[in-house]
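Trainee: Before anything else, here's the structure in question.
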Amino acid sequence: MSLHSLIFFSSSSSSLLFSFFFIFIFCFSLSDAEQNPEASILYSWLHSSSPTPSSLSLFNWNSIDNTPCNNWTFITCSSQGFITDIDIESVPLQLSLPKNLPAFRSLQKLTISGANLTGTLPESLGDCLGLKVLDLSSNGLVGDIPWSLSKLRNLETLILNSNQLTGKIPPDISKCSKLKSLILFDNLLTGSIPTELGKLSGLEVIRIGGNKEISGQIPSEIGDCSNLTVLGLAETSVSGNLPSSLGKLKKLETLSIYTTMISGEIPSDLGNCSELVDLFLYENSLSGSIPREIGQLTKLEQLFLWQNSLVGGIPEEIGNCSNLKMIDLSLNLLSGSIPSSIGRLSFLEEFMISDNKFSGSIPTTISNCSSLVQLQLDKNQISGLIPSELGTLTKLTLFFAWSNQLEGSIPPGLADCTDLQALDLSRNSLTGTIPSGLFMLRNLTKLLLISNSLSGFIPQEIGNCSSLVRLRLGFNRITGEIPSGIGSLKKINFLDFSSNRLHGKVPDEIGSCSELQMIDLSNNSLEGSLPNPVSSLSGLQVLDVSANQFSGKIPASLGRLVSLNKLILSKNLFSGSIPTSLGMCSGLQLLDLGSNELSGEIPSELGDIENLEIALNLSSNRLTGKIPSKIASLNKLSILDLSHNMLEGDLAPLANIENLVSLNISYNSFSGYLPDNKLFRQLSPQDLEGNKKLCSSTQDSCFLTYRKGNGLGDDGDASRTRKLRLTLALLITLTVVLMILGAVAVIRARRNIDNERDSELGETYKWQFTPFQKLNFSVDQIIRCLVEPNVIGKGCSGVVYRADVDNGEVIAVKKLWPAMVNGGHDEKTKNVRDSFSAEVKTLGTIRHKNIVRFLGCCWNRNTRLLMYDYMPNGSLGSLLHERRGSSLDWDLRYRILLGAAQGLAYLHHDCLPPIVHRDIKANNILIGLDFEPYIADFGLAKLVDEGDIGRCSNTVAGSYGYIAPEYGYSMKITEKSDVYSYGVVVLEVLTGKQPIDPTVPEGIHLVDWVRQNRGSLEVLDSTLRSRTEAEADEMMQVLGTALLCVNSSPDERPTMKDVAAMLKEIKQEREEYAKVDLLLKKSPPPTTTMQEECRKNEMMMIPAAAASSSKEMRREERLLKSNNTSFSASSLLYSSSSSIE
């Protein structure tokens, strides 16, 4: 073979060999792709549980097509065929994170958001070194943020918001040097904000808000994050001052630190944040003045500083913030006049300065704010005239200036504000007539002009304002007749013309106002008969025409008003008999027919009004006959006035109306004895005088015992009965004491045996341990702490121990009493639902900031243990009674009550199925280090599903003094039972007394004692009585909420969601329109609650004989005042002390 041929052959062989090698490598790679391990991991993960068919349908992943880079949804791959992005959003998977994430070697983006992920964040996440974006937001993840994330040096975005993550923010996160976004809001994180975050100079977004337990000061090092555009720390417990270093954040656009515990002054350095657009610092404890440097923020659009303690005035420089759209400075202590420079803010849409101390006049320059939509100036000291120039604000929808010192007339030009929806100028000194043009505003829903000195007629144009929902013109000097055009107000639900000088008849057209819920025409000079069309208003809840000159008969058709809860016809000239049809008004709570010319007998049908609980006033009429026996059915009634009539007969029907607190039967012709009960023995002579045949001088005693079904007995019978009762009481008491002593002895003996047995069986039977959190201790460490010196409490379900474990943690351990069973072990395993299984089942499914954190449980055959966070301040009960409440000022008590209400509302309304606690009491509300409340002891907790609610229980549910009354006769437990128990706790917190307290006269229940004292400030704990008037007002409102909770009828109690809402609003109460945004409610529905609108003088509501001094009445009115809630309007109607809504 020639050399040339040899060389050619050698060259060809090499090429052929290289080709074969390339084909082999390609085939190997293809085979590797077909056996893609990443695809197998994802497929196995997706099918590791049973996703819903609807969720699974969104995935086209299958085991046959093992090439995710070509076909699979939610997956993106690199050109080499490796997965780089997993992007799954809003798909309910209910899975934990894949276990083998480090196997995804090229993964750069992992987004699984809104997917109901469960479990914890695995440490292995830190091995996905290529990750740039990690978004696991809006899931159900628990546990700590793993420290291993600090190894992700390429990470730019970390989004873990809206989970249930606990623990601290890892300081080592600062090692992620490329991090731009750190978003952790709405979790359960604790601890302080790491100072190390200041090392992340590239950080653009920090959002940590909504973590209530994050505390400490805002680190000044945050100012070193020079690229920061968003800083969100709202709704946390950060405290201290705002660091001046925030002024170094030249790129900052949003500063959101509201609803925290920060204090001190607003640093003037914020004026250096030239890019700032949104400044949210409301609901804090900031003091000092608004810095003038705020005027340097020329890009600022939203300035919210409401509910702080700011003083001084609004700086004139604010007019330089030419882009401002919203200003809210309400609920501060600001003073001075409104600067005229406000008129330079041409983009301003909302200007709210309510509830301050501003004075001076409304500047006319404000009319230059041509974009203005809301103008709220209420509750200040502003004087002078309302500028007519306001009529040029054609976009204005809401104008509140009530409770000021304005004078002059209402400018007719306001009628040019064609978009106006709500106008409230109440409680000023306005004069003149009501401009007729206001009733030409087609969008006006609320017109309130209460308590001024307006005169003239009600404009005939009233019928043109068809959108009106609330019209309140009370307490003015308006004359003339009510226009018939009122019948065109088809949406009106609240009509108040009270305390004016109106005369003539009420037009029949009022019956066309089909949405009316309240009519108040009291204190006028109206005459004629009550128009029959009123009876067609099926939704009417309150009808008050008292103190007029109405005559004729009371229409029998009023009986058709089944929604009516207050009917007040007193101080008129009504004649004839009381219609028997009123007995059909089953919802009536107050019936006042006093001071008329009514005759005939009291109809027995009034006894059918089962909800009549406030008052029945029939005084000062010409009624005759006897008290019908059916009146005894009014067992809820509080006030009864039958005085100044011609009634006769005995008082037997009144003997068993158990809830009566006020009774006046003076100046009648009653005869016989007085029923021998507590009410009659406490009556004053004035309530009985004028009855010549009652308790005549020939009788030895005025009191006789009334026995149901047997009438009145004589005095000798009463004496013998009392002696017999005393003898029986002594015998029963002695028997009970002996039984208790015997039971204690037996229990102690059994407990000693059980302790010995547990000690022995602890070695024989294996312990099982189920943690619900990440725990660093063993069962052995817990067991050795279960000794008598460590006992910190005993309850109906077990003994609670303090356990100091080796890692320095302190936890609380409840050792449950053994289950009481009948039968063998198999029957016990199958049938018994003791407190252990109830607590584990309940606590394992709930997480809330005001419910004690359940750490885990462990058990063997004889011993069952539950582990919780330890609460260093003990229980609410111990703080109130063992330490005499000295450490609890009003603010702390309020916070505890609100937190407990929110926790209980979570159990009732946010758990599926709802959870009834069954043993709410002061000792089951634990107090944390910062006096935050935690609901504890679910030993009697019961899951309530649709088939179980209201079912009779076989065990006593609750603790003595806290148990709802219906349990005694029905054995039924519902959420409303918890509401009652919570109401008792509120009374306990306010009064400082236990439910059954030795200091309460005659040993009556706390609820009854508070009711008897009718809202007097004297019921408050002595340490609270010296508080400010504003705080006293809050306390009396909370007391009123408590009385709603302890209503004897479960159906009449509010829900815990309503209670929490009422309590929350009491602290920030701004009467009817506190923080209302009518931009979001263009046409409020007719069902809007009315309690905040009703400021009726209580003296006009109840019989004169039942009224006390005006000071006492003001206290009682404060008692039930509350703001907007979903609770029924009727329950709070006529309870506000305010005359303005």
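Any Cβ shown, glycine's included, is placed from N, Cα and C.
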Trainee: Can you tell me which of these residues Swiss-Prot lists as N-linked glycosylation site: Asn664, Asn1047?
Mentor: Asn664
Trainee: Scan Asn71, Asn776, Asn1124 for the residue that Swiss-Prot records as N-linked glycosylation site.
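Mentor: Looking at Swiss-Prot, the N-linked glycosylation site feature maps to Asn71.
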Trainee: Going by Swiss-Prot alone, which of Asn272, Asn873 is annotated as N-linked glycosylation site?
Mentor: Asn272
Trainee: For which of the residue intervals 6-10, 446-450, 581-585, 851-855 does Swiss-Prot record motif 'Small peptide recognition'?
Mentor: 446-450
Trainee: Given 207-210, 295-298, 507-510, 751-754, which one carries Swiss-Prot's motif 'Small peptide recognition' label?
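Mentor: Checking Swiss-Prot against the ranges 207-210, 295-298, 507-510, 751-754, the motif 'Small peptide recognition' one is 207-210.
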Trainee: Can you dig through Swiss-Prot and tell me which residue of Asn368, Asn1123 is labelled N-linked glycosylation site?
Mentor: Asn368
Trainee: I need the most crowded of these glycosylation sites: Asn227, Asn664. Count other C-beta atoms within 10 angstroms of each C-beta and give me the top one.
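Mentor: Neighbour-count leader: Asn664.
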Trainee: Expressed to the nearest Å, what is the distance separating Asn227 (N-linked glycosylation site) and Asn71 (N-linked glycosylation site) at their Cα atoms?
Mentor: 40
Trainee: Of the recorded positions listed here (Gly798, Val800, Asp919), which is spatially closest to Asn368 (N-linked glycosylation site) when Cα positions are compared?
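Mentor: If we rank Gly798, Val800, Asp919 by Cα distance to Asn368 (N-linked glycosylation site), first place goes to Asp919.
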Trainee: DSSP on Asn272 (N-linked glycosylation site), three-state: which is it?
Mentor: helix
Trainee: With DSSP as the reference, give the number of residues of the repeat 'LRR 6' (202-225) in helix, strand and coil.
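Mentor: Each residue of the repeat 'LRR 6' (202-225) counted once, the result is 5 helix, 8 strand, 11 coil.
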Trainee: Does DSSP put Asn443 (N-linked glycosylation site) in a helix, in a strand, or in coil?
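Mentor: Note: Asn443 (N-linked glycosylation site) is coil by DSSP, not helix or strand.
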Trainee: Going by C-alpha distance, which of the binding-site residues Ile792, Lys794, Gly798, Val800 is nearest to Asn664 (N-linked glycosylation site)?
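Mentor: Checking each of Ile792, Lys794, Gly798, Val800 against Asn664 (N-linked glycosylation site), the shortest Cα distance is to Lys794.
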Trainee: Between Cys77, Val800, which of the recorded positions has its C-beta surrounded by the fewest other C-beta atoms within 10 Å?
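Mentor: With the recorded positions Cys77, Val800, fewest surrounding Cβ atoms within 10 Å: Cys77.
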Trainee: Whose Cβ, among the glycosylation sites Asn320, Asn617, has more other Cβ atoms within 10 Å than any of the rest?
Mentor: Asn617
